[in-house]
Amino acid sequence: MSDFGTFFLPGPTEVHPDVLRAMLQPMLPHRGAVFEALFARIQAGLKPIFRTTRPVYVSSSSATGLMEAAIRCARPGAILCLVNGAFSERFANIAQSCGREATVIGGDWSGPVSLDAVEGALKRGGYSALTVVHSETSTGVLTDLEPLTKLAHRYDCAVLVDSVTGLAGVPVETDAWELDFVLTGSQKALALPPGLAFGVASEKFIGEAKAAAGRGLYFDLVEFEQYVHKNQTPNTPALSLLYATAVQGERIAQETIERRWDRHVAMSEHTHSWVHELRARVGAEFSVYAPDGAASQTVTAVSLPANLKGDDVVKAVAKRGFVIGGGYGKLKASTFRIGHMGDHTMEGLERVLEATAEAVEETLGAS
Ligand SMILES: *Cc1c(COP(=O)(O)O)cnc(C)c1O
C-alpha cells in the first residue's frame, strides 16, 4: 500500500493492492452457479456506476472492442462522427473500417464539437447514430452529453458514447440522459487492470440492433444481451479480471459514486490551480489545454511554453519516481498529461505535482 500513488498515466491507471490481490483466486467453470453468483455481484457493482437499471455487458477485450461493437450493432444508416481528439478520430475510423457510411464533423481539437454543427449535420438527415467521446483523453476535453443526446433524439439519431475516461470519475447518467449505448474500459477511471470493457445499451438500441447486418460474432451485442440475463458471457471471460471487478465494484459502492465524482472534481480543480501557480513560479507560459468549462475531471493536458518538450518533462518526473503521461498524437510535443483518476487521492496528487514542478524547473534550467 505504501507504494500506491506514484502512477498518474491517463490509462492504464494505478490499481489498488486489494484489487490486484482479488485476481489470485482459482479458476471456475464459466457455465455454473458459482460463476453466475460472481457475475451477479459484478452487475450489482456496475449498474450504480452507470446509473442504470439495464444490465451491463462485460467484454473480454479492451475498450476499442466495444467501440467496434457499437458501430456494428447500430441500426442501418449513416453514422455521424463528432471528432475533437485522437479517440473520437478512432471512433470515426472504426465506422469507416466496418464499411459504414460515416461523416466526420468537428475535426479540430480545441474543444467540444458545437451543438450547432451537430444540428446542421442532423438536418441533412439519414443518420442512424452519432459517435462521441465523453472525455477526450488526448486533450482533457469533456463534452456535455445531455443536451447532445436531447438534440440527437429529435432527429431519431442514436447516441453512441465512449466514456472510457469518464465513467466512474465523471457523472454519466445512462438512464436519465437516455444514452443509447455507453462503453468504458477497465483500465481508466474504474482503476482496474486492462483487459475488460463494459457497456450498457438501451432497450431501444438493442431492439433495433437485430436489424443491423454484419454484426459479426465476437462483438454482437444481441448475443451479450441474451447471455447477460443468465449472468453469463457469450464466450470464456477473463475470469481473473472479473474477480478484480467484483471487488472494485464493492470498493466504489463503499466510497459511493457521488463522493467518487466529488473527489475527481477536487483533484481536477487542484491540478488547474497548480498549473496557474507553476506559471507564476517559473515565469513561463503554462496553461490548461481544455477551454474553461469544458475540462475533464479525470485528465488534464497541460500546454507548455515553446522551449519545453512534453517528453523531457515526463523523463525528469520519472527520475523522481513518478509516472505522468506525455502528449498524445499531434499534441505530443506541446503538452504533457496528468491522469488524476481512479483511486488516486489528493495527497498522492500533491506529491506528483510537486515532483512535476521540480522536473519542469530542472528541464527549463537545462535548456
Ligand atoms: C484509452 C481509451 C480508449 C481505448 O481503449 P483501449 O482499452 O486501449 O481499447 C478509447 N477511448 C478513450 C477515450 C480512451 O481514453
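For all residues, glycine too, the Cβ spot is worked out from N, Cα and C.
Automated prediction, rather than curation, is the source of TrEMBL annotations.
Per TrEMBL, the feature domain 'Aminotransferase class V' maps to 90-327.
Secondary structure at Lys188 (N6-(pyridoxal phosphate)lysine), taken from DSSP and collapsed to helix, strand or coil, is coil. If you draw a 10 Å sphere around the CB of Lys188 (N6-(pyridoxal phosphate)lysine), it holds 29 other CB atoms from the protein chains shown. Per TrEMBL, the feature N6-(pyridoxal phosphate)lysine maps to Lys188.
With a 10 A radius on its CB, Arg337 (substrate binding site) counts 26 other CB atoms from all the protein chains. Per TrEMBL, the feature substrate binding site maps to Arg337.
You'll find the Cα of Lys188 (N6-(pyridoxal phosphate)lysine) roughly 14 Å from the Cα of Arg337 (substrate binding site).
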